[in-house]
Amino acid sequence: MGPQLATVSLLLLTFFSNSIQYPHSPAATECPAYFNGNIAGNACSREYSICVNGVRQAATCSDDSVFYEDECVPVDESPECRVDENTEEDDTPYAEFDCTSKQDGIYSIGCSNQFISCVAGGAYMAKCPDSLVFNERTQDCRESCDEVKQDTTTAPQVYEDGEEGYGEASGEIAGDYERQPSNEQPDSIDFDCNGLEDGNYADGCNDVFYSCSNNMVFQRYCPPGTVFNINQQSCDFQCTTDDPTTTVSYSTSTITTPQEDDSEYSSTTSADVISTTTTPSIDAIETTTTGFDAVTTTTTTQTPFVCQEGQVNSFGMCSSRFNRCQNNSVRSKQCPVNTLFESSLVMCVFDLPQCQPITVPAAPAYNSYGPPSDTIVSPFDENVRLKPKFDRRRKYHHGKPSYGPVNGNSYLENPFFIPRHRGGSHRDHRRYGYGPAIDSPFSTAFRGRAALSDQFKDYRRARMGKIQGDARKVDGNKRFLIDDEFEGPNAKFVESNIEQVFPKNRHSKKQLGPHEDPDGYDDEKTFDAKDLFGATRRKRSAYYGTEQSVYGQQSAQISARQAQVNKDCQQYTTPTFLTFGDCFDQFIFCSGNGINRMAACPIGETFDKTLRSCSETCGVSTTIVAVTIGTQTSDDLSAPSEYIENDGVTTQSTWNDQPSTTQAPNSYESYTTQYSSNDVPSTSAAPIGDRCSLDASGLFSLGCSQKYIQCSNGAAIVRRCGESLYFNEATQECTYRDEVPECGSQGSTSSPVITTPGQDQSSNYYGIPSDDVPSTTQTPVGDRCAYVASGLFDLGCSQKYIQCSDSAASVRECEGSLYFDERSQSCRFRDEVFKCQTADVSSSSTVPYLDFTTTPASPSEDEPTTYEPSVAPYIPSVTVNPVDTCTSLSDGTHGTGCSSFYFVCSHGRLISSGNCQLGEGYDPSVQGCRTFSEIPARACDEQEVTTDAGLVQLMPYKTLEEVLTTTEAATTVANDGPTDTYITGSTKYSTTDSGEYTIPYGDETTSTRSYDRADNDSEDEEEDDVEHDQKCTVGSRTPVGFCVRTYLECTDAGNVEKLCRIGKLFDSHSNRCVPRIGCGKEAIRDAIKDMIATTPAPAQPKQFEGRCAHVDGEAVFSIGVCSSKYLRCSYGASKLQQCSEDRVFSNDKLECIVRESVSACTVPKNPSIKKYYTSNDQSAFCDGKEDGLYRNERDCSAILQCFGGELFEHPSCQSSLAFNQLTGKCDYPQKVSGCENHGQTNGECSEHGSFIADANNCEVFYRCVWGRKVVMTCPSGTVFNPLLSVCDWPSAVPSCSGQASDSNSSYGSSTYNDDKSGY
């Protein structure tokens, strides 16, 4: 018991931080070459040395043990620590030495050969060998007390093995080992650990790596067939990524490397030039400063070299952390949530293809021998458990090589195999727990095992436990050990605690079938050792998907976000960054060769457009200097140089071994423009850093902006107000824009610098070139709305336009052949749009009201083409009172086509807008968000829909394009008035707007525009044309769209465009202007009737059918207590709506209010725990019970825990479940013995799955589950409807009209008042 206890203690003290270890002195005896075992230190001492493959590591015994012979034994059992009883205490040097207040260790009593060893508060005398004295400074025995040798960093002295071997893997030793010195020197190791931290380092992608410990180097080897992966710090079958990787340098000064010179320092001064040179290396750093008065000051300092500037080290393929060298120091960086670090691009990206989950098929394919198939041979096998087979692996030999003939499996030299037994006495005892203390990828805490990396997931790692199992049986979580126990005929098993080594989510849940071979091998075939590590390894049953390319799996499903990114990057053929605004944390990287990523900056950094990289000081005015672009060093990947063209600066990105450097302009102003008043202040103001240098602490505004500066002890931090709020420096708070003095007089200025494409072509934000826009570069949609107020803005001469609402942009399109006119804020004919007239007349490549005109530079032959944008002010044409988007729309939710954007209108005003979740779009037929595959095709064809549910087909109305298919109008102004002429077919036309006039016509206010054309030479032809083109009846009206204000009325002069008055829309069904709340109702009913007559009835009833049938007009109702959803009724139509975040609907106020103000939303943090036992019964219940969870005999759902003889109560299971103490989980009552009747009620269940109403409580009902009743409860405010077997409103169940318990769910009063509706 004593040796085993000492062994376990030694293991804990060696591998954990609370162990006491002393660095071995150079005078201590080193380990012989390739020797494995223990070497004792001083007499009666806890310190000793462990030799692993000739490498020495210091170790200590536990507090109450000392090292004697070959093991740690108690102090009392060590002969070296015994005290002579005949010795008088007064004469002993340690009699007066007090160890009670000292830590365990060795203490000197003077320059003598005796010293004191304090163990557990007791003093024990120990002696050095003859002619040696104890040296207090070195803590060992030496020839003199003043002898102190200097440490060296050379490899330790190695002794040659003796004549006698150390035995085989069984641990048996032929004889005692005697160390014999040898004059032969080992091979020198060509690796220097000076200045490196303790750890493992690789010298290329091979099987050799080096371990540094205390500036000492140790050469190590990986198993055959594997190489050392520096990123994973373990031996693997291949190297994933070349390391190190360099990325964009964060240096703020020009870095140069001086030539090595005989002189240690060099200084240069100049009276005319002010220069500063920084050299991050061990050599001298020279700084020269020259004043204006020709006074020269030279300061020379020396800074140690820590790392190469910009060097990046990753932590593996699918890791979110990485290290980056910045300012000659290594800094740890963390990627944001849902992003991983991609080493090849040196950035944090979303949707990394290499780390996407793989779908495992239901029936995995099995492979044994034969040609390659679609099943990948992978070392990370998750379903295989190897069957034990005697002598199927080759043995390892640690002694001298055998020169005789070898039959069967030959011996292999394994430098990382640790023998189970060591030399010396007590060889018949098994002792675990000794392992190498040096950090090694193959180190293990269990002696006598083959040390494998955690990445080999074939269940070979064992823990100590009771030996049990059968030689040929694989059952449960047992697995065999790879060690010398296979020397005998029976393989042994140990219980595994695999969940501590490999979490459950890293393993497949699939169970092996009854006829499947657990290891996937054919036992009748010969087994080769290379099958485990070599290329001839047979394929197993686990499926890993199709082969992976360099950048990811081809078969993995591309997410909707990645698909949108690929679409945005289609037009770019050179590396380009797409930003979402200035100092935003996310951006898009387009490589130009198909590798596109949605990326994000590390935590604490934002993307700086001026630097085209992530920065911690985005927005700080500073001088831009040389930027180093990351390189990719690869043996099999080489491509010509490519160029990143952004903001007028060309950056050369080379994919070869040599990095390139691009010199940016010398001033920050060349990258910046005058920002608009909404977001970012003008750069003419003081920089952020200078602002805080004047005022050490406080909050300062940046003009009329949502961002502001927080100065703290001279350091500047850029912060941002909440949504739609601006910072007011006078009140030191974020408030509305109209309350900020700085926003009162500022006007619109130019837009910021944007990312321009590589080719001189115009393109919109979505990456699709526009056919109707001149060749120029435009501002992206997102940036356009970030710097202007809400409203509608054109995209040049185009049918598409932008709708800005609270800095959110949505792209819309005019109907038919109409183009958007920003001046009138409406869709008109092409010849009536000012931008289109300018585009037709202008022959240059510039168009007014656009942001930039692209002018190609004239580079030399050796330089790439650079596009320098000329800054032009952006002046949006915004009317004083812009027309709201919802002016001509009915109340409710609206969307365009199958986009994910939707907005809510109420009384002709825009209430709110939003976007569906990723991968979903707005479906007008259900008035909600659905996946794109579930949206019907008809809904995608509609440009504008109503708020009523059930609209799944187009309305029967004529469009303007159908009315004017063969007639196009033009107007010429004569002396006395307009002259009506007509031109047929596709004759080119021009228009001149005639004067508008209003005619009172009942409820309509008419805005008339005549459609005329020029005169022809022949009056006969004109009359024929009039008779041919006149197809309308005088007095008839034609709708232009569905429920819009504009319509056409036929007159003698032709079709005249008219407008309904504000608040009314033209109804195509009644052919007149009606209130907007009732527009299209009859047409919708007719369409639904036609649809019902031609299509079968839906299988399921509408969710809110009949709930608004009793409501006349409009009303809102709550659907539950503390619910963020509520029901809006509008003329019998119901619609479920959602409050904004952190708000719930109040039935008293009939509006959404803050959740904290509702008392019903206050929920206790900890659920109440049933108290079944008093303090007197606690000891009685846990008497004789082991620690664990138990079921309460009084309540099957209660959970009790016994720990240390004390009773603890836990929250109970649900009322319908019972606690199963065998599984430790809540289970069905019929599976728990003694709880079969728990949760059941009286009554009979004739049919499984049927529902039974409760006779006494309308809110309670029962569900039949295999002959038993399960109690269920309806939500608050609803009762059970036995006719429909659903929870329904109380009004729908006559027998339960007044039994709803929730008073807040009453209908309340209607908010509709017809008298005050304004129609």
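Quick reminder: no glycine exception, Cβ is built from N, Cα and C everywhere.
Owing to the predicted nature of the structure, the values given are computational and were not obtained by experimental measurement.
So that you can see what the record holds, here are the features copied from Swiss-Prot:
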DOMAIN    28-83  domain 'Chitin-binding type-2 1'
DOMAIN    190-236  domain 'Chitin-binding type-2 3'
REGION    250-271  region 'Disordered'
DOMAIN    304-357  domain 'Chitin-binding type-2 4'
CARBOHYD  ASN327  N-linked glycosylation site
REGION    504-524  region 'Disordered'
DOMAIN    566-614  domain 'Chitin-binding type-2 5'
REGION    649-682  region 'Disordered'
REGION    742-764  region 'Disordered'
COMPBIAS  745-764  compositional bias 'Polar residues'
DOMAIN    782-838  domain 'Chitin-binding type-2 7'
REGION    984-1031  region 'Disordered'
COMPBIAS  984-995  compositional bias 'Polar residues'
CARBOHYD  ASN1016  N-linked glycosylation site
DOMAIN    1242-1298  domain 'Chitin-binding type-2 12'
REGION    1297-1319  region 'Disordered'
CARBOHYD  ASN1304  N-linked glycosylation site
Helix, strand or coil at ASN327 (N-linked glycosylation site) [DSSP, three-state]: coil
Per-region confidence, the domain 'Chitin-binding type-2 5' (566-614) (mean pLDDT, whole number): 87
For ASN327 (N-linked glycosylation site), the number of other Cβ atoms found within 10 Å of its own Cβ: 13
Helix, strand and coil totals (DSSP H, G, I; E, B; other) for the domain 'Chitin-binding type-2 3' (190-236): 0 helix, 22 strand, 25 coil
DSSP residue counts for the domain 'Chitin-binding type-2 5' (566-614), split into helix, strand and coil: 3 helix, 20 strand, 26 coil
Counts by DSSP class (helix H/G/I, strand E/B, coil) across the domain 'Chitin-binding type-2 1' (28-83): 6 helix, 25 strand, 25 coil
